[in-house]
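In Swiss-Prot this protein carries:
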- 877-889: compositional bias 'Basic and acidic residues' (COMPBIAS)
- 912-926: compositional bias 'Basic and acidic residues' (COMPBIAS)
- 1-123: domain 'C2 1' (DOMAIN)
- 161-281: domain 'C2 2' (DOMAIN)
- 506-629: domain 'C2 3' (DOMAIN)
- 1032-1160: domain 'C2 4' (DOMAIN)
- 1192-1319: domain 'C2 5' (DOMAIN)
- 871-952: region 'Disordered' (REGION)
- ASP541: site 'Putative Ca(2+)-binding residue' (SITE)
- ASP545: site 'Putative Ca(2+)-binding residue' (SITE)
- ASP605: site 'Putative Ca(2+)-binding residue' (SITE)
- 1404-1424: transmembrane segment (TRANSMEM)
Amino acid sequence: MAAKAIQYNIKVDLHEVKDLSFREAAGEKEIVPNPYIEVTVNGVTKTTIQKTQVVSATFNTSFNFTAYLTPDEFARSYVEVAVLHKYMLIGGVGLQSAVIGKYVFSFAYVYTKSQHWIYRQWVTLRNLDQPQDETGLLLITVGVFGPGDAMPVVDETVCVVNEGERTSTDVNVKLTHYSLSVNIFKGQDIPSVAGQFSTVLEPYVKVKHGGAELQTRPLPDSNPDWLASISIPACVPCFDGNVLVELWNGQDSSTAAGTLMGTVVLDYFQLIKNDLPPRWFNFYWRPPAEGLLGAVTDMMASAELREPIAYGGRILLSASAAKVQTPLPLGVRSARPIPDPATQECVWWLDLYEMTSATGYTSELRIEIAFGPHVIKTASLEANALGTYVIGDNLGRLPEMKIFAPVDEVQVWDVMMYVCSPPATTVAAGIADISNWFSGWGGSPTATQNTPEPAETPWTRLAWVRIPYDSRQFQNGKPQWYSLRSLDGSGTDMFSVLLGMEMFPTKAGKQRAPRLEYKLARFYFRALIYEGLHLPAVGYDVFPDPYIQVELASKTLRTSTIRQTLNPSYYEAYEIEIRLPENISLAPDINVEVISESNSLLSSDVVLGSVQYPIQKVPKEWTKAPVWLQLHSKAYPRCKARVLVAFELVPAEKAEDDTYPFYDDIRPSTKEGNIRLFLVGVRLFKPITQPFVTVCFGRDVENTAEPLWSQESSAPRTGEGGNWNFLEEFTVSVSLPKRMQHHSFLEVKIQDRTQGIGGESNVDVGMAYITLNPLLPWLDSRERAESLETFRLQMLEEVLIEDAENARRSADGGLAARTGGGSFDEDATKKKEMLAAERSRKMAIPYNDPDMANLKIEEVDDYVSFKVAPRPQASRLSREGTSRDERGKAPGKSLSGMPGPVARASPGAGEETEKKGDPVAEKKEGGAQAAPPVAPSAHQREALAASPEEETYGFTPEQLNFVLADLEEDDAEEMTRDEVPYELEADFTVDDLPYLRTPIFRPTDAGVPETVGYLKYVCRVFQSTDEDEGAEMDAVCKSLIETYNSTRDLVVRAYVLAARGLVPPSGASDIQTYVWIQDSENAATLPGGLSYNIRDTGYTKKQGFKPEFNRCYTLACSLPENSIVQIAVMNMGRLTDECIGRTYLDVEDRFFNKKVEQMVIEESTPIELRTLKNEGSTVSHGSLRGFFEIMRADYAQLHPPYTLASAEPDEYQLRVVIWRVKAVPLDDNSSISLFVRTIYQLEDSSEIVKDTDTHYNSTDGTAVYNWRMVFDVLIPAQIPVLKLQIWNYALLSSTEPIGEANFDLTADFFRARKRQQHYRVPRMWVRCSHPAHKGKLRGTIEIEASILPREEAEYTPVGNGRDEPNRDPFLPAVTTNRTYIDWQQIGETVGAASSAIMSGLKWTGVWMTVAGIIALVIFVMFLLK
């Protein structure tokens, strides 16, 4: 069956581009581009902002896409990323764009990766029109996530450059070039396509890989000879593992679109290892419906109606990937003809024995069997008196067919078998013939030789099955039953055919064996139907009305219908006489279907699931326990439904003489049991007004919609919204099964009384099942544990997560198989690098890293140590200054108020933790010191916690002659806080709570129910009514009532740190997020400032899909009214706000959980990751990171909330000093004029551009500036990168950059913000590069910087350039090379020339010159007189 379309979320994070190289055509000069990035997924394109005249740029932009794809569509889908150049006019007016380079990620390849994503990967951009050029690098993250896949959250500090590496190092992505060649030789048997106005036959082949798409020319022939070789430049590493070969018929036009006949997916990495020799690829398709109405029907068809059902031809192709030094150009070339793959003459024998109909079809039928282009048809078949089509020797033994088939088994066609009904014209003609015969007009007309035979009218195909070719199966000739599925898209199996096939080479000389004797004998078939379990629902809030139908050899048995349940109990036995082959191995298997009965004339029954039981396993007498059979549902593949059944098959004579008697009473043996149910309450995700609960057991035999016993609760004692406490006990004595195989349970219906126009009405809210099997006292512990797992109802969320884990395991297995034979997968290396970076992580931590959001980073030299010193105890700050032990004690009670002492974790005796390593910090180049040892792992932290004496490396203040500032206690606390990558509830066990809980669910159209709340209860089953047996339960119930009476004044603290991987349902990319947290709809503020509902719209974060909140929300809480805390991440819109995702936190469970209570006391509540979900969506919409506490109000008053680092940006001033430039190449010029440009991008994507003055006419590539630049910045910053560029100032020609570098200030910003004081970036040289001169130094810039809080900067201002105030540091004036015309140099040149002239003259010439000058003076004086 064709799978349904599945929702996928695609995340693309664009981090950075580097070394862009753009030229309009090959051989032309490179130009500095104006880059921007386009990302296209499934026809949807999203674009980043444009940068101006840069070859490297930081984007830090995220895009989300949502797609609904079938597996075939998923295999063909990809993410296409294109970096483009925007042509600009003077004044910033944009013109057309040109491609700089592209990259493609196929969905299938990304999904095979761990966690279904590729994280921060440098890829080489390529322009396939100029494959020899490497047009730049792109740092990108791509993820493809399906149902149940969690959004990955990583420690981003691993991937951030460390101190001493502020400028991004050269990225060396070494490409190995390949020439991918796909040779398309010819096609055969390609059918024409019936269009709306004409029939189209223009087949061609299209090849796609790595963003390239080429095709052969279309040829109007069903057997075209293309002889085309498609060449695509390819490389490794590559993230498009697919080479798609598509067979199309008809070109796209204004009136019609081309028809995709089929797709072949070649493995690119396998082609690198081994060439694909010429071979046939067979295509199968579903012919489109004819006419305009048919076209519309095809567009709206379900996946079932798009599944291929017919042979669509084949193509002969070969493929290879040859390593080359330089990539070859893209193109389609001629290919030499080659001989066809080897074939052999084969003999095909077919024997049909019987056909049965599961739908009671008894009209005239015919069977057609197609083997590629070869088709064989039976004569028309008539049903016998038993309603089956027994095919005798004359019609069943089909004539021998000789076929030339490929020797290679994988190239042989599959077998397609159809059941067809006669066309209407044939039926009418048959009626006319019968009428003529009766009226005397009949007779056999004599056909003349000149009368042409009329063309056969095709019969209508009703059902089909595709049988993959298997030489072992096709050579044994053993008959098998095949189920044929309906062609109407319903997915039901209409017919079953017993067919024997045999195929072997003619040269084998094998003689056809006699046809198996097919005689029917009488049997009595008995079906024992017990129960159904976890059947799928038939829609939202619609329970099924299931009955079970058993079919064998066209005989059908049907049980009664049990109304409105997922767990029906039947206990019905049926016996029927049936005729089966004497050779029982030829009999069909038993088909069991569970069907929901329709209640309307306008709808039909719905098949919930089916299973086949082998007839050969059925005994004459079933003596063992009945078996649970797993149902397979085509409409509900995620539902794990089962049926409990048994079967017997007795020869007629053995049944009729009572050798094997039939018993119709199959009810299980029982024991009397007393059920006590203490209903604590209901916890719903949505509010209701007047809830009540009905507890039911069993079903009435006469009216299965009514329970055998039921009792309605009284009004709830306390509660509001969706949380209500009943604290009421229900007692009933019933008969319960002895054996664990039979399911025994209570049904609990939750309803709400509402007032409407018509009066009072009851609205169904949800249903809960309480399984009694684990509570039965006569079962042993193993049976209880097994029955608990067997009868546990899986919710939609659990099923999705389990499916995702299975897919991950399969993907990991496939990945291991793929990487086992080659070295093209870089995951292993990348993981090693990330682990190594994690182990050696230094203190250069980004400000926006959630793991380090509340840490204070001190200078490394503060931790230099030469001996081991005792580590001080860290605890939360207390306003009263009480000790940790004092604060851990609540007056008379624990935090939850339950009786008993507060549990304390005693240190393990005799356990010591040794810390090994060199305590002396090593010096690095540039004066930077090595980082302190990395933080211990979770396992190490446990060992440290259990150690009686904790040790750390560092001086004690007494050992120093100065004051050592220790870490703040708040920060030290956060450093030791554990983190779990899941929701904390996953660690809760049944024994952690004083009550049990089961999901309250509602049916969904996926078949699997979804959770709408929880039912909390205490339940016991007793064999007697002895009061001593119930003493334990009485004590538990009494304790719960007392505790709830004292839980009116509680406090919930929700520390919401950050959100990651947000996926807005609207697909918006520019989002402003805030937190909405509530445990009640009541938004009023209580005395003392607490509230039940906080919509934090005044604290919006415009940080994209990774906002930092670092907010502590304190909510008032009373149990049970406020048991469920809803935390939603909202996107603030212009008109309405959008809920991105929400998570529900059951604080009541945490209040009663002793382990969680101890965590609060010990201040060790771990940070957890909670999945954000949205109603109507089955995929994750992101993750919320935080930790959560619940406590009594008096305890909260003694223990203030933790102080979290603010996530609001602070105003700072960045002061950058450009000292000098050196090593700038002259590029064949005698001199060069240089200036330095700095670019800083603000939050609104605008840029601050500042230039130094110009150093003119440098003859050695050096320049001096002593120039200060001042930037007002916000920390945290979205892009904390300062771009440095060296420019050539040209008076006549255009000014252009010589080299550039990105100066990453992430770690410096983080440190400056943590210190809240003046922070200096040491003086250093920054190397510059240019993509047009790969691997060459294009100059270095000597730079120094400092970062100050805005208040301090205003107190100690400095001037730009060398303006006053000129301080910190003082910048000396520069006077040389500051004018374009150097007059001093000109004077020196003239003087030198004069000296040269004078030294060459003789004394005679000198005296003559002097005399001439004197005569000239006298002449001037004479004139003046």
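Start at 1 and count along the chain as shown; that gives each residue its number.
Cβ coordinates come from backbone N, Cα and C, glycine included.
ASP545 (site 'Putative Ca(2+)-binding residue') is surrounded by 21 other CB atoms, counting those within 10 A of its CB over all protein chains shown. Between the CA atoms of ASP605 (site 'Putative Ca(2+)-binding residue') and ASP541 (site 'Putative Ca(2+)-binding residue') there is a gap of 17 Å. Of the recorded ranges 1-123, 161-281, 1192-1319, the domain 'C2 4' (1032-1160) has the largest number of C-beta contacts under 8 angstroms with 1192-1319.
Per DSSP, the domain 'C2 1' (1-123) is made up of 14 helix, 70 strand, 39 coil. Along the domain 'C2 1' (1-123), the predicted structure has mean pLDDT 84. Sorting each residue of the domain 'C2 4' (1032-1160) by its DSSP state yields 27 helix, 50 strand, 52 coil. Applying an 8 A CB threshold to same-chain residues 6+ apart, the list for ASP541 (site 'Putative Ca(2+)-binding residue') reads ASP764, ARG1002, PRO1003.
Within 10 Å of the Cβ of ASP605 (site 'Putative Ca(2+)-binding residue') there are 14 other Cβ atoms, across all protein chains. Assigned with DSSP, the residues of the domain 'C2 5' (1192-1319) fall into helix, strand and coil as follows: 16 helix, 64 strand, 48 coil. Secondary structure from DSSP puts ASP541 (site 'Putative Ca(2+)-binding residue') in coil.
Under DSSP, residues within the domain 'C2 2' (161-281) fall into helix, strand and coil as 6 helix, 64 strand, 51 coil.
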